[in-house]
Structures are given as structure tokens and as C-alpha cells.
Amino acid sequence: MELTETNRDHSGLHNLAFQNDSDDGVDDTNLKGLGGNLQRIKNSQHKKTVHTDQGDEYINIESDLHENKRASVDDEQPRLKGHLEKRYDEVCEFCKAYKTRIHYVVYGILITAYFAVVIAACSLNFQRALLLFVITVLAIIFICWDFLIAKYEDRIAAFFSPGDQYLKKQWFWLKWVLCVIPIIIIICWLIFDTTKQGSRQLISFGGLVMYVLLMLIFSKYPTRVAWRPVFSGIGMQFILGILILRTKVGFDVFNWLGIQIQTFLEYSDTGAKFVFGDKYTEHFFAFKVLPIVVFFSTVMSMLYHIGFMQWLIGKVGWIMHVFMGTTPVESLVAAGNIFVGQTESPLLVRPYLPYITKSELHAVMTAGFSTIAGSVLGAYISFGVSSSHLLTASVMSAPASLAASKLFWPETEKPLVTLRSGIQMAKSESKNLLEAASQGASTSIGLVANIAVNVISFLSLLSFLDSALSWVGNLFDYPQLTFENICAYVFMPFSFMMGIDWEDSFIVGGLLGYKTFFNEFLAYERLSKLIQNRERGGSMYINGVKQYMTVRSEVIATYALCGFANFGSLGLVIGGLTSIAPSKKKEIADGAFRAMIAGTAACFMTACVAGMLTVPGLEVPCHILLGNASNFTDFLANSTQLIECCQHLFTSANHSEKIFSGGNYSLNSWKVCCQILGQPAFHCT
């Protein structure tokens with residue numbers, strides 16, 4: 001016996017009872033089966049009814065939508081297009097067909113107009129249009145480079161492949177030559193430079209060697225250190241330092257960049273003045289410094305949206321990857337930290353973070369600790385710290401971070417992410433430039449609030465610690481005991497080995513303590529006060545306490561403090577990276593403290609290189625220096641600074657130049673110079 005098939009029509013299922021009555025050949029078993037089917041169908045219909053009762057509104061909406069759709073389909077009928085509509089369709093079809101050519105024509109017109117403007121500006125006044133000319137030339141070079149690499153990369157690689165194969169065959173002895181020659185050059189340079197500038201550069205060189213040895217001794221795997229990233233990173237520091245600090249062109253370029261950045265950041269005063277009133281500078285930090293962070297964050301977000309930051313970071317990262325042999329992820333993050341913060345730069349390579357090795361992760365964190373963000377760079381410049389030295393420190397610390405990282409945690413695994421993987425940086429999520437600007441301003445809210453609350457809390461905590469330590473010291477007849485004094489004694493040897501004068505190393509040691517245990521904001525704020533004291537002049541010691549440092553010590557301290565390596569940033573890095581790469585949570589927690597130490601050492605190495613290359617200049621203004629010298633009968637007659645000041649004084653008088661404003665040079669200053677130089681000219685008569 002077989003169960004009869006249930007028939008369906010357009011209205012649904014037939015009533016099974018009628019079907020059973022009309023079918024005499026169905027036995028009891030089939031009736032039971034049919035009864036079961038009937039019961040299941042009734043249950044399902046009951047459920048549908050209940051569902052319909054509970055969701056009448058939903059079904060009505062659905063039915064309305066279907067009816068509207070059928071009505072709209074029925075209403076669609078072919079109609080004749082008008083003449084204007086036909087012409088419009090023809091234009092659209094033409095634009096679609098020749099879209100590429102139209103783009104080329106528009107770009108050609110715009111580029112031609114731009115070149116016409118450049119030529120006209122250079123013709124009118126080339127000196128005034130020099131910046132525009134330089135930017136245009138650099139843009140042409142990089143655009144041509146990108147075009148050639150994109151179109152002829154395989155041909156270029158094939159052209160250089162014989163040389164690459166030759167280098168691989170001869171690499172065993174060639175690597176030793178490449179290591180020995182730079183060492184010989186550095187030694188010879190130190191000898192000649194020491195005879196010319198003095199022996200203070202040798203202390204900085206000894207400090208650099210000391211930090212490298214300390215990093216090697218406490219390395220995670222001392223026997224597996226790859227020395228190419230270490231030596232090439234230090235070599236890149238030297239090259240950048242020589243170009244910027246020792247060549248007139250490089251110094252002028254970075255000095256000009258620093259002036260332009262200062263001018264650019266002053267535009268934030270307009271917004272601060274509108275919001276906080278004309279007397280906004282009375283609350284300098286809150287209403288002058290913090291608006292700079294907002295303004296700079298907005299600009300960086302806009303540059304990131306148009307792709308300029310990704311392009312620039314990619315070029316810098318590619319240079320470090322080629323010269324240092326580091327992986328693409330490490331190189332891009334290190335390059336990104338020159339411009340953005342320690343939690344923003346890993347976002348550039350966010351998709352690849354779950355696949356990086358422990359050494360690469362350590363390098364990513366070290367790069368964040370050894371550099372500062374562009375947004376806070378503007379705040380430090382507003383304190384009065386040298387903008388050119390801050391820019392130089394930011395650039396030099398990028399290769400130093402990779403060198404210190406690969407020395408402190410060498411690579412022991414095979415990296416999975418390489419250039420062959422087709423690594424790409426993340427793009428901006430904003431849809432247009434205005435949205436990017438708004439997002440940048442909104443993003444800075446957290447940064448500004450974080451800076452403000454940290455400064456408030458840390459200054460309050462520091463005041464409490466100083467009071468408590470002074471109370472403890474008073475019990476032992478040493479009431480001047482403070483947190484700064486303790487840090488000064490701890491960090492004094494490190495600051496002295498950077499090349500800082502011995503009498504200034506105590507002050508710089510305290511600044512390093514502020515930076516390490518609190519943050520670099522407090523350290524730079526204290527350094528700015530020392531710079532202001534020197535510029536105002538006056539007595540160097542008051543009640544046995546030194547009021548300002550030499551210019552050389554200020555410069556080296558600027559490089560040593562230029563990094564986020566402090567305990568406050570430690571928690572920030574762990575939390576930020578864990579949210580980006582949750583699968584690496586354990587590795588991040590294990591390596592964060594070592595990365596902070598490596599970042600601190602990288603800043604110290606950069607300061608050592610700056611100490612080797614910094615040329616000593618006039619420490620205080622000449623009229624103050626000569627005024628102080630005239631108050632002492634035992635002044636050093638062979639002082640280089642005094643001789644330079646006196647030579648400038650007499651030379652200016654011979655040429656009838658106005659050498660000072662307001663007649664700062666006294667008669668005693670002239671007498672001092674006459675004694676030093678033995679000048680027989682009319683000035684001494």
C-alpha cells in the first residue's frame with residue numbers, strides 16, 4: 001500500500017477529509033498517516049495564525065510593499081524621449097566612452113596652468129618664488145620615480161640583477177670591507193675634529209659605545225644579534241646629523257623648516273583668541289599650547305586623507321628597509337612615528353600586526369617610545385625649545401629606534417610579511433576633506449584631555465613627593481631633598497656620557513628623571529625655563545644653585561628628551577596595541593617594558609650623536625658675557641667665547657655698525673676686551 005500524494009493547487013492544500021471520503025482504497029494505516037499529516041498542517045496553520053495576529057502590522061506593510069511594486073511595474077510603459085533628453089544621453093555616453101581621455105585633458109590643462117604660474121612667479125622674483133620652485137622640482141622627481149617604478153619595475157630589476165648577483169657572491173668579504181671602512185672614517189674624523197673642536201666630542205663617542213655595549217649585554221639573545229641593522233642605523237644617524245648639524249645647507253634648510261613650522265603653528269592663535277578671548281595668553285598652557293595640538297591634529301588628518309602622509313611614510317620606510325635590512329612593517333612604523341603618535345603609527349599596518357614576529361612587535365613598540373608625535377612637537381616648540389633641533393631629533397631617532405630594537409631583541413624567527421606579500425598601508429576612512437578635518441579635530445579631544453589631566457596630576461603628585469621627601473630629609477638635616485635631586489643623582493652618569501658638561505649633568509639628570517617617571521611635557525617645560533634664564537642673562541649661580549646651562553648642554557638635552565619612553569606611555573602602548581591586535585596580547589605585555597628601555601637607550605644614542613656633531617657657539621649674549629667678566633679680576637683671558645665677543649665688538653666698531661640695541665656694552669666691557677686682545681686701536685685709547 002502507498003500513501004496517496006497530496007495534491008496542490010493555486011490556493012494551497014486540498015482538504016484531506018474530502019480526499020479521504022472519495023478514496024475507498026485507503027486502509028486504516030494510511031488513514032492514521034493522513035490524520036497525522038492533517039494534525040501537523042492544522043498546527044502549522046495555527047502557528048501562522050498566531051504569528052499573523054502578533055504581527056499584523058508587519059504583514060500589512062509587506063503586502064503594501066508588494067502591491068506598490070506591482071503598481072509601479074504596471075505603470076511603467078514605454079514613452080518617447082524629448083530632444084533635450086536625447087542629447088543629454090548622448091553626452092553621457094560620450095563621457096563614459098572617452099572617460100580616460102577626458103581626465104588626461106583636464107589634468108593637462110591644470111598642470112599647464114600650474115607651470116605657467118610657477119614660471120611667472122620665478123620671472124618676477126626668483127628669490128621670493130624659491131620655495132615654490134623647490135617644491136615643484138621635488139614633486140616632478142618623485143612623480144617620475146613612482147611612474148617609472150610602477151611601469152618598468154621588472155625591467156629595472158632585470159637591469160640591476162647582474163650587479164645584485166655579483167654582490168651576493170662577493171658578500172662574504174665585502175661585508176667586512178663595508179664595516180671596516182666606516183669605522184676607519186669615523187676614527188679619522190674624530191681625530192681631526194677633536195684637534196679642532198676640543199675633546200668634548202670624545203665623551204659623546206664613548207657614551208655611544210657604552211650604550212651599545214649595555215644593550216648587547218642585556219639583550220634577549222646576545223649571540224644572535226644581526227649587526228647590519230645596528231651599524232646601518234647608527235650610520236644613518238651620523239649621515240643625517242652631519243648633513244643637518246655640520247653643513248651650512250642642511251642647517252639652513254632645517255632652520256628654515258623650523259621657522260616655517262613656528263609660523264604655521266601661530267595660526268592656531270586665531271581660533272584660540274576667538275574661543276577664549278583676547279587675554280587667552282594669560283593661561284598659556286591651556287589656551288595657547290593645547291590649541292596647537294588640536295590644529296596640528298586637524299592638518300595631519302587632512303594630509304592623511306589625501307594620501308600625502310602614506311606616500312611620505314612609504315618613501316622614508318622604503319629607504320630604511322633598503323639600507324638597514326629591516327622588514328617592511330618595522331620600517332613603515334618607524335617612519336610613521338616621525339609624524340604621528342605611538343598608537344596611530346601601527347594603524348598604518350593594522351592588517352599585518354597579527355602575523356608579525358616577536359622581534360618585529362618589539363621594534364614597533366620601541367619606535368613609538370623613541371620618537372614624539374607631530375602634534376605635541378608643536379607644543380614643545382611653543383615652550384621655546386629649538387624647533388630645528390626638535391625636527392632633527394625626530395628624524396634621527398627613527399633609525400636609532402630600529403638599531404636599538406634589533407640589538408635588544410634580535411630576530412630569531414622568519415618574518416611572514418615581506419615586500420613580496422604586497423604590503424599596503426591603510427587608507428583614510430573619511431569620505432571628503434571636510435570630514436577628515438572634522439575627524440582630526442574630534443580625535444584630538446582625547447589627546448588634549450589626556451595631556452591636560454596628566455600634567456595636572458603629575459605636577460600635583462610631584463609637589464606632594466617633594467614635600468614628603470623634604471620632610472624626610474629634614475630629619476637628617478638635609479631639607480633640600482627632592483624627587484629631582486634623586487633623579488639627578490641616578491641619571492647623572494648617563495647625561496655626562498652624552499657629552500653634557502659635568503656641572504650641567506646634574507640638571508639634565510633631573511630632567512631625564514621627570515621624563516622617565518612622569519612625561520616629557522614636564523621635562524621640556526623645565527628645560528624651557530632654563531633656556532629663558534640663559535637668554536635673560538644674569539648671575540649663573542644663586543645661593544649655590546645653577547640657574548641655566550650652556551647652549552651645548554641644552555642642545556644635547558633636547559635630543560635626549562625627544563621620546564615617549566615613560567611609564568605613563570607604557571600603559572598607553574599596551575592598551576592601544578592590544579585593541580588593534582588582540583591575538584598578540586601576551587607578546588605585547590611581555591615585551592612592552594623592554595621596548596621602553598630600548599626606546600630610552602635610542603634617545604640617549606641620538607643625544608650622543610648630537611653631542612659629537614654639535615659645534616659649540618656663544619653660550620650667552622656677548623654684552624652679558626663681557627659684563628660678567630668685568631666683575632671678576634681673575635677671568636680667563638684665553639676664553640674662546642670672550643675672544644670671539646671682543647673681536648666682534650672691535651670689528652663692528654671699525655665698520656661703524658650698530659652692534660647692540662640700547663647701548664648694552666659698558667666701558668668696563670671695552671676695558672676687558674683691551675686687556676684680552678691687547679688692541680692698540682683707538683678704542684682702547
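Using the three backbone atoms N, Cα and C, a Cβ is placed for every residue, glycine included.
Curation does not apply to TrEMBL; its annotations are automatic.
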Stretch carrying region 'Disordered' according to TrEMBL (options 1-21, 22-42, 64-84): 1-21
Range from 104-126, 198-218, 284-306, 318-341, 556-580 with the greatest count of C-beta pairs under 8 A to the transmembrane segment (171-192): 198-218
Residues of the parent chain within Cβ reach of the transmembrane segment (318-341), under 8 Å, 6 or more residues beyond its termini: 226, 228-229, 232-233, 236, 300, 309, 312, 348-349, 352-353, 356, 360, 363-364, 367-368, 370-371, 373-376, 394-395, 398-399, 401-403, 405-406, 415, 417-419, 423, 425, 447, 564
Integer mean pLDDT for the domain 'Concentrative nucleoside transporter C-terminal' (389-611): 87
Three-state composition of the domain 'Concentrative nucleoside transporter N-terminal' (207-278), taking helix and strand from DSSP: 61 helix, 0 strand, 11 coil
